[in-house]
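Database features, via TrEMBL:
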type     : residues : note
DOMAIN   : 100-264  : domain 'Laminin G'
DISULFID : 237-264  : disulfide bond
DOMAIN   : 265-303  : domain 'EGF-like'
DOMAIN   : 326-518  : domain 'Laminin G'
TRANSMEM : 560-581  : transmembrane segment
């Protein structure tokens, strides 16, 4: 009933509420499926509020959700409440030739192999990806016999053959375009009894063989993959081509064949979406990788936060130019510009910037982040003595800095908070945690250029020259807490400090920087407003009888007592009536169910769903597909 306190995050940064031994969408642990949980009222052992340790364990094997990148555990802030979590390694098994691929770059390109030996039985499977509307996948000829697989149109795949009884053609028609530059699987089979063709998960098309006539497929020519006999060949990628259980080495043959390239480019078209948080997809020989160098994240998919714990008095400075770099060189090599190449300021004056980071702290006041300049311009993000957040801009043209005060939220509550600030000339957009973005505007008199940025400070400001008085006061004793995924335009100062990169020479640290992601996760449940929170009390307006005020007279008190007694009596009577009605009619009425097939033999309805639902099973043979366990 409601949102769980605990979940795990898988592929595509999605939350999942099922656990080992269970399945997607069921929102139970293994004991909930097997009906042997510690407390039968719950579906996980760890939901039982027992003083003894209880454990939920099991394998997560639904590969579309793997790997596990985060586990979030809540409801542990009560006295005596603890949790321990361990995530085992991802284990993979499958065909090592799964990505053996070739790219056909002209309509006359082809690969040739020895004659296909499929007299009485033929089993052909492969994956293809294309943007062309038609083309021949493969063909093998005899005197009159032949076998051919072909993309006939953007929505049709054809399997045709002749064993001496006349040509036979099976066509699978897809409701969606097959030339969408995504991977599609083809599986064609033929034996003495029947022939079949399947594309992806579309219905299997079957054709029965005649009861009399020829049954042997007699072929003599070479097997051609791609163009054959002057026909228009396939344009695109083919991988994992298996003929009667043998994987053809497309890559090795493509190395010595003109018009065909080994491997398959274009993985980023299909999988580039998994490079998150601004990561760049990079094509590989037989796959892809994510370049996270210009992000504040790490890991194979740029989703791992890079953060650190700051002790009191510790600080980090990132110089926007390294020692010995001339100002002219800095212009050509700076990362200060945002991801838009048009924003590169040739005079090192920024008219736009993007800043994002996460933090958690219980100490206030403090300086979270400060950007200095060779002029009087600066930008700062502060936590005021009240715990409220303040963003301060000083770009010149005004006597006082422009302040954005978030007075209605205490940010020094020990919870992780996310801050995103974007400025485009005079317009500023601020987003905190999950709250909607809020827009602000610099005063008309203010300059719109951040002139000559010099350095970025985290935790404390140690700068030569005049510093704003409030910032100077907040500077002592310094920030204590966690900072994570800090990014200013294309600069990630914490990542430069914690990971050996080309930018590491720009970083100077005072104190010991300890890596931690304790400031990474933003709040997921919005706090209730004072107007809707039933437990919120405004001390200024609360009227308590003994809070320095005398009770008017005894009559009001007696009336309140009598009214309370009457209310309790009415409530008790209503509860009794409800109980009696439910007891009297509990055996009356009927119900009907539409149970999944196999429910009568399954231990529970959830187990029956997992056994029967195709989403929980792989329809492709294990020898033809990778598995993650």
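Note that Cβ sites are derived from N, Cα and C of the backbone, with glycine treated the same way.
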>> So if I draw a 10 Å sphere around the Cβ of residue 237 (disulfide bond), how many other Cβ atoms end up inside it?
In response: 22
> Taking every residue in the domain 'EGF-like' (265-303), what is their average pLDDT?
Replying inline: 80
> Looking only at Cβ atoms, how many others are within 10 Å of the one on residue 264 (disulfide bond)?
Replying inline: 26
